[in-house]
Amino acid sequence: MRSHTIKKPFERSGVGLHSGITTQVKVLPAKPGEGRYFVRVDLPQQPIIPAKLAYVNQTPLSTELKSPQGSVRTVEHLLAALSGSGINDVRIEIDGPEVPLLDGSAQQWIEAIASAGMIELTDEETTPTVMISSPISVQEGDAFVLALPARELRFTYGIDFAYSVIGNQWYSWNPASESFAEAIAPARTFGFADQIESLKQAGLIKGGSLENALVCDHQGWVNPPLRFSNEPVRHKLLDLVGDLSLLETIPLAHFLAYKASHKLHIELAKAIHGTVKVSEHHFKGFPENALTS
């Protein structure tokens with residue numbers, strides 16, 4: 001797999017889902033081997049926070065990265081967009097504690113990356129493809145995530161909610177046959193009207209709105225239309241891609257999740273890291289030729 005970065009910088013700004021704070025993000029090209037990393041430009045000494053598994057701090061309803069001098073939250077949509085675009089070396093400057101939610105999906109990040117363009121930093125293979133040789137799994141109650149040996153990369157996700165408009169949904173995605181930009185990136189985050197007040201009282205979703213999240217109740221969707229009939233499960237798969245990209249090298253495997261969470265995604269990534277020899281350098285992207293443009 002080869003190293004890629006963006007051709008030119010781009011900027012986006014918006015409100016953070018949980019903090020409710022408006023932040024600006026500037027994404028810039030990086031040199032080969034620098035990897036994907038955040039820089040808190042609003043803090044003294046502008047601390048660097050690598051987008052690596054070792055820096056994961058907490059995962060309630062989002063994924064947060066933390067270094068000794070600073071942290072950044074809700075990184076999963078931007079990281080998924082970078083991964084889905086094949087970008088593995090990039091500097092991400094942010095002037096606040098949380099990545100903007102934008103419209104609740106990864107679509108605007110994908111569009112910004114496409115507009116910026118991509119360049120290949122090296123013309124030689126920088127790391128071999130990592131493969132899963134035996135099943136690796138984590139479980140909590142009836143929720144689980146596992147990685148199965150496979151000849152091609154695949155992600156399969158299942159969800160089951162007691163809201164009739166969602167119910168039980170499954171979706172399986174093969175990057176070689178469907179592009180991330182078309183099949184996954186447009187899927188928005190979702191929530192439930194009867195949980196909004198309790199989440200806000202817990203200090204969460206302060207920036208959530210009908211403009212950046214799908215909301216449903218037991219009667220139906222509060223803010224239709226959906227972009228896909230199974231948009232909720234596609235969004236869960238988006239989150240999984242973003243979380244697994246913190247491994248720096250996503251192994252060739254069939255990843256299967258059911259009723260999982262950011263916490264379980266990260267636990268699987270840690271289990272993989274402890275079992276499979278993963279590059280100690282930067283994220284190498286999906287296996288070569290796994291993505292279509």
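Positions of Cβ are set from backbone N, Cα and C atoms, glycine also.
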With His235, Asp239 listed by Swiss-Prot as binding Zn(2+), identify the candidate in His18, His77, His273 belonging to that site.
His77
By Cβ count within 10 Å, point out the most packed of the recorded positions listed: His77, His235, His262.
His77
For the C-alpha pair, I'd like the distance in angstrom between His77 (Zn(2+) binding site) and His262 (active site, proton donor), rounded off.
12
Integer Å distance between the CA atoms belonging to His262 (active site, proton donor) and His235 (Zn(2+) binding site):
12
